[in-house]
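Notes for the one structure printed next.
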Amino acid sequence: MVGRLTHVDEKGVKMVEIGHKDVVFRKAIAKGRIRLRPETIKLIREGKIEKGNVLATAQIAGILAVKKTPELIPLCHPIPLTGVDITFEFGEDYIEATCEVRAYYKTGVEMEALTGVTVALLTIWDMVKAVEKDEHGQYPYTRIEDVRVVEKIKTYSTQ
């Protein structure tokens, strides 16, 4: 089915029928980065951001976003998730977020992983915007970049 649009036919847009598919283990991992000034990274590491714990807030927001993916992206199926993990790694001038989503279902969870990582990064931006703004109220350094799916797994049972 590579190259064929499954959400569109001659009648218009539709949610793809997945009733005939087998329930199998699904996992997707998405990553993305937010570029921040090194001074902001230091404040986050030291827990000195006024709004509170940046990474804990971003984790919670990302997990909630994963659960709400079908409400945000209209043609995504509601999926009974079995687990979501959001982790962070620091660089000198960035934080890389990773969102891993797992489920046993009939369709993949890559959109959920992308939604989770993106909302986690947006939440970091929101938490640090007061210290990232320049004297004109702009964000010349701050940016979200390189959001992508790094792994997608579909495992059939060997029983």
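A Cβ is built for glycine as well, from the same backbone N, Cα and C atoms used for every other residue.
Pulled from Swiss-Prot, these are the features on record:
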type     : residues                            : note
ACT_SITE : Asp126                              : active site
BINDING  : Leu75, Cys76, His77, Met111, Glu112 : substrate binding site
Specify all same-chain residues, apart from the site residues Leu75, Cys76, His77, Met111, Glu112, whose Cβ lies within 8 angstroms of the center of the Cβ atoms of the substrate site, ordered by sequence.
Thr69, Pro70, Ile73, Ile79, Thr107
Largest inter-residue Cα distance among Leu75, Cys76, His77, Met111, Glu112 [record-listed substrate binders, Å]:
12
Rounded to an integer, what is the Cα-Cα distance in Å between Leu75 (substrate binding site) and Asp126 (active site)?
28
Which state, by DSSP, holds Cys76 (substrate binding site): helix, strand or coil?
coil
Using DSSP and collapsing to three states, where does Met111 (substrate binding site) fall: helix, strand or coil?
helix
Suppose we draw a 10 Å sphere around the Cβ of Leu75 (substrate binding site). How many other Cβ atoms does it contain, all chains included?
13
So which one is it: of the binding-site residues Cys76, Met111, which has the fewest other Cβ atoms within 10 Å?
Cys76
If I take the alpha carbons of His77 (substrate binding site) and Asp126 (active site), what is the distance between them in whole Å?
29
Measuring Cα to Cα, how far is the residue listed as 'active site' from Glu112 (substrate binding site) in Å?
21
